[in-house]
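S.K.: When I checked Swiss-Prot for this same protein, it listed these features:
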BINDING   87, 90-91, 95, 97-100, 115-123, 127  5-phospho-alpha-D-ribose 1-diphosphate binding site
BINDING   87, 118  anthranilate 1 binding site
BINDING   99, 232  Mg(2+) 1 binding site
BINDING   173  anthranilate 2 binding site
BINDING   231, 232  Mg(2+) 2 binding site
């Protein structure tokens, strides 16, 4: 395709043609820069969704989004070993903040975490909401986040702060009211670019697409989708896992019950408003046992497993991760991580922003 125009791209999508990575990168660049009109954004998002996004198309969206992001610069050795524990959201299950709690557990186990998230969209309480309620400032800039990762072992990139260009798509997304490619970009566009992670996806078709994008850029990532629709490693049903590592993707169906984790129900994992979900975080870190702890442990185990080769027995890798995750909570390390994180964040905020 020569000089790109919206009519050309939209006509191609309506014919069912696949776009190139360069095509979708151009479109996303137009959106992020504020050059695209609302009709163009809506038409593009819906036409791409109706055709079905390919890994190459999603890669273009991700590439442009990261180019427009406020980047968090981490030392390469730290970035190479850091993880993200994150989900797409959108499963409409209204659970507690499992990935947020798992992030604290992973950091308590000694693995650096750079979490990327936002306020609630389809749920009652998003990552940003619960972290803010617990006392973490959300407005830290890239230097502040990097300092938290270095000194506390965990940092948080508030999506609204680090992807300002996405504000141009926000009104259209809200008016459309249906999932589009935009709903799956968050876990793929962490501005610190950690090389590993456990990523939940509620959409069965998009989960392998996301895994292919992670694989293509050389990341070590487990993409997770519960057979009950959760964008987590669920304890209420088996979980389909796409293991992306060394440029390849391997799919498996795993069950937390095979790890000795008791079967839960979705009701066991349900949260509420921000005060309710923050209380669940505190109770977990204080050592409370039960279905919420079980779900957090298995998701933390998934993130910890990405630090090792994923071409072997995934169940055994998760079993090892479970033990490390439990020790993180039971030793008090996860609780100390949260306290230290809040302390560092408030200390660096006036200096680094």
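Every residue, even glycine, has its Cβ placed from backbone N, Cα and C.
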S.K.: Which residues does residue 95 (5-phospho-alpha-D-ribose 1-diphosphate binding site) neighbour through Cβ under 8 Å, counting only same-chain ones at least six apart?
M.R.: 123, 230, 232, 266, 269, 270, 271, 295
S.K.: By CA-CA distance, flag whichever of 118, 173, 231 among the binding-site residues is nearest to residue 87 (5-phospho-alpha-D-ribose 1-diphosphate binding site).
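M.R.: Comparing Cα positions, the candidate nearest residue 87 (5-phospho-alpha-D-ribose 1-diphosphate binding site) turns out to be 231.
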S.K.: How many Å separate the Cα atoms of residue 122 (5-phospho-alpha-D-ribose 1-diphosphate binding site) and residue 231 (Mg(2+) 2 binding site)?
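M.R.: About 13 Å separates the two Cα atoms.
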S.K.: Would you mind checking how many other C-beta atoms are within 10 angstroms of the C-beta on residue 122 (5-phospho-alpha-D-ribose 1-diphosphate binding site)?
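M.R.: Excluding its own Cβ, residue 122 (5-phospho-alpha-D-ribose 1-diphosphate binding site) sees 15 Cβ atoms within 10 Å.
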S.K.: Rounded to the nearest Å, what's the C-alpha distance separating residue 231 (Mg(2+) 2 binding site) and residue 119 (5-phospho-alpha-D-ribose 1-diphosphate binding site)? Just drop the number here, would you?
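M.R.: Per the Cα atoms, residue 231 (Mg(2+) 2 binding site) and residue 119 (5-phospho-alpha-D-ribose 1-diphosphate binding site) stand 16 Å apart.
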S.K.: Sort out for me which one of 231, 232 has the most neighbouring CB atoms within 10 A, since those are the binding-site residues we care about.
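M.R.: Ranked by Cβ atoms within 10 Å, first place goes to 232.
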S.K.: Near residue 119 (5-phospho-alpha-D-ribose 1-diphosphate binding site), which residues of its own chain have a C-beta under 8 A away, given they sit six or more steps off in sequence?
M.R.: 126, 128, 129, 160
S.K.: Rounded to the nearest angstrom, how far is the Cα of residue 118 (anthranilate 1 binding site) from the Cα of residue 99 (5-phospho-alpha-D-ribose 1-diphosphate binding site)?
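M.R.: A Cα-Cα distance of 13 Å.
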S.K.: Write down the Cα-Cα distance for residue 173 (anthranilate 2 binding site) and residue 118 (anthranilate 1 binding site), rounded and given in Å.
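M.R.: Distance (Cα to Cα, whole Å): 15 Å.
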